[in-house]
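As given in TrEMBL:
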type: DOMAIN; residues: 21-107; note: domain 'Pyrroline-5-carboxylate reductase catalytic N-terminal'
type: DOMAIN; residues: 249-394; note: domain 'Ferric oxidoreductase'
type: TRANSMEM; residues: 202-220; note: transmembrane segment
type: TRANSMEM; residues: 249-271; note: transmembrane segment
type: TRANSMEM; residues: 292-313; note: transmembrane segment
type: TRANSMEM; residues: 347-365; note: transmembrane segment
type: TRANSMEM; residues: 386-407; note: transmembrane segment
type: TRANSMEM; residues: 419-442; note: transmembrane segment
Amino acid sequence: MNKNSSNIMALAATTPNKRETVCIFGTGDFGRALGHKMIQSGYPVVFGSRSTQTSSMIPKDAEVLSHAEAAQKAAIIIIAIQRQHYDFLIPLAEILHGKVLVDVSNNLKINQYPESNAEYLAQLVPGAKVVKAFNTVSAWALQSGTVDASRQVFVCGDNMEAKQMVMDIVRALGLTPLDQGSLLAAQEIENYPLQLFPMWKFPILLSLGLAAFFFIYSLIRDVIYPYVYENKDFSFFIAISIPNRICPVVALILLALVYLPGVLAAIIQLYRGTKYCRFPDWLDKWMLCRKQLGLVALAFASLHVLYTLVIPIRSFVRWRISSRILSQALHNVTEPLNTTHAWLSDSYLALGILGFFLFVLLGITSLPSVSNNVNWREFRFVQSKLGYLTLILCTAHTLVYGGNRFLSPSSYRWYLPNAYMLSLIVPCIVLVVKFVLIFPCLDKPLSQIRQGWERNPQYSE
Ligand code: NAP
C-alpha cells in the first residue's frame with residue numbers, strides 16, 4: 001500500500017461519517033436554498049416554520065416542524081427570517097437557551113438600526129450563542145449549485161466554540177469562512193452586501209470628470225477653433241481623434257495620482273518627524289483607492305492603444321498621406337527623410353510600448369491571485385520601483401510626442417495649449433518631488449522615521 005492511500009485512510013478515519021442535524025427557521029428563499037445545499041453536503045435538516053405542511057418547494061429529505069419542535073432537534077439553528085419578525089423568538093427563549101443561533105439577515109439600508117441584527121438577536125435571546133454568518137452569500141448562488149459570486153463567508157461571534165461549529169459547516173458547504181472577530185463586527189458585515197464598489201467611486205468619478213473636461217477642451221481647440229477661423233469642418237474628430245487625445249491624457253494624470261499621495265505622505269512624515277501620527281482623512285482615503293486609480297488608468301491606456309491601432313485605416317489619415325504624395329508629384333519635389341523627426345517618432349513609439357507593457361505588468365500584479373503569491377518585498381518592488389519606472393516612461397512618451405512643438409505659437413489656439421501639455425503637470429510634479437526625496441539628506445531621515453524613530457514626539461498620537 002502506498003503512502004498516499006494510507007494518508008487517505010487516516011483522514012477517512014478521523015472524518016465523522018454522520019453530521020449533526022441543523023435546524024433552519026424559515027422556509028423562504030434563503031432558508032430553502034441553504035437547506036438544499038446542507039442536505040447535499042450530508043447534513044440532516046429540519047425546518048422550523050409557522051406552517052408544518054411540506055410543499056414541493058421544500059427539499060424532499062427535510063422535515064418541517066413547528067419552531068419549538070424543530071429547535072429541540074438541533075444544537076445549531078439558522079434564523080433565515082427578516083429582523084422585523086424576530087419577536088416570535090421571545091417565547092422560545094427557554095428552548096433556545098444554550099443553542100447556537102446563526103443570524104444570516106441583511107438590511108435594506110446601511111446602518112438602518114442602531115445595533116446590528118445579530119446583536120439585536122442576542123438581546124432578544126440572551127441565553128443563546130449568537131453567530132453572524134452567510135449574509136454575504138445569495139440564495140440564488142447557493143441554489144444554482146456553483147457559487148458564482150464570492151465564496152467568502154464572513155463569520156463573527158462572541159463564543160469561540162459556537163463560531164468554530166459554524167465555520168465547520170461553512171467549510172463543509174465548499175465555502176471559505178473568514179473569522180471577523182466578536183459580534184461587534186456584525187454591523188460592518190451587515191453593511192458589506194449593501195455597498196456598491198465603495199473603493200471605485202472616487203477613481204471612477206474623477207476619471208469621468210477629467211474625461212468630460214478634456215472632451216470639452218479638445219472640442220474647443222480642435223473642432224470649434226478651425227471652424228471659426230478656417231471654416232473647416234473637423235466634427236468627425238469626435239469619433240476617434242478626440243477620444244484618442246482624452247484617453248492617454250486621463251491615463252497619465254491618473255497614474256501620477258497613484259503616486260502623488262505617497263510623496264505627500266513622505267513630506268508630511270518628514271515635517272512631523274514621526275510616523276505615529278495619523279494622516280488627514282482625505283489622504284488616508286486617497287491611499288486606500290490607489291489600486292483602483294491605477295486600474296482605471298490602465299483601462300484608459302488600453303483604449304488609447306486600441307484607438308492608435310486604427311489610425312492607419314482612417315479615411316482622413318489615408319487622404320492626408322495621398323494628398324501629400326500627390327502634391328510632391330505635382331510640384332516635382334521629393335521630401336528628404338528628416339532623421340531628427342524619424343528619431344523623435346520612433347523614440348516616442350518605443351517609450352509608449354515599454355510604458356504600456358510595464359503598465360499591464362503592474363495591473364497583473366495587483367490581481368489578488370498574483371499578489372497572494374509574492375512576498376511583501378517583491379510586491380513593493382513591482383508596485384513602487386516598476387510603478388515609478390512606468391510613470392517615467394509614460395511621461396517621457398508624452399514629452400517626446402510634444403517634441404519641439406511645446407514652444408511653437410501655432411500649437412496654442414485661443415491661448416489654449418494642447419491637452420497633452422496639461423497632462424504633464426501632475427506627473428512632472430510627482431517625479432521632481434520624488435527625485436528630491438531620494439537625496440540622502442532627506443531619504444535617510446525618512447527611512448529612520450519609517451523604522452519608528454521619532455524626531456518630533458509632540459506630533460505622536
Ligand atoms: P423570504 O423569502 O421572505 O422568507 C422569509 C421567511 O421568514 C418566510 O418564508 C417565513 O417562513 C418566515 N417569516 C415571515 N414572517 C414571519 C413572522 N412574522 N414570524 C416568523 N417567521 C416569519 O426571505 P429570504 O429571502 O429567505 O430571507 C430570509 C433572511 O435571509 C433575511 O433576513 C435576509 O436578509 C437573509 N438573506 C437572504 C438572502 C437571499 O438571497 N434571499 C441572502 C443573504 C441573506 P415560514 O413561512 O416557514 O414561517
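We number each residue from 1, going along the chain as drawn.
Just so it is clear, glycine is given a Cβ too, placed from its N, Cα and C backbone atoms.
Note that TrEMBL annotation is computational and uncurated.
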Within-chain partners of the transmembrane segment (202-220) [C-beta distance under 8 Å, separation at least 6 from its ends]: 237-238, 242, 245-246, 249-250, 253-254, 257, 285-286, 289, 292-293, 295-297, 300, 413-414, 416, 419, 422
Sequence-remote partners of the transmembrane segment (386-407) [C-beta within less than 8 Å, at least six residues beyond its ends]: 248, 251-252, 255-256, 258-259, 294, 301, 344, 347-348, 351-352, 354-355, 358-359, 361-362, 418, 420-421, 423-424, 427-428, 430-431, 434
Touch test for the transmembrane segment (419-442) and the transmembrane segment (249-271), at least 3 Cβ pairs under 8 Å: yes
Distal contacts, the transmembrane segment (249-271) - CB-CB under 8 A, six or more residues away: 203, 206-207, 210-211, 214, 279, 283, 286-287, 290, 293-294, 296-298, 300-301, 304, 359, 384, 387-388, 390-391, 394-395, 398, 419-420, 422-424, 426-427, 429-430, 433-434, 437, 442, 445-446, 449-450
Tertiary contacts of the transmembrane segment (292-313) (same chain, 6+ residues out, Cβ under 8 Å): 199-200, 202-204, 206-207, 211, 240, 243-244, 246-248, 250-252, 254-255, 257-258, 356, 359-360, 362-363, 366, 387, 394
Residue distribution over DSSP helix, strand and coil in the domain 'Pyrroline-5-carboxylate reductase catalytic N-terminal' (21-107): 32 helix, 19 strand, 36 coil
Residue counts (helix, strand, coil, in that order) that DSSP gives for the domain 'Ferric oxidoreductase' (249-394): 122 helix, 0 strand, 24 coil
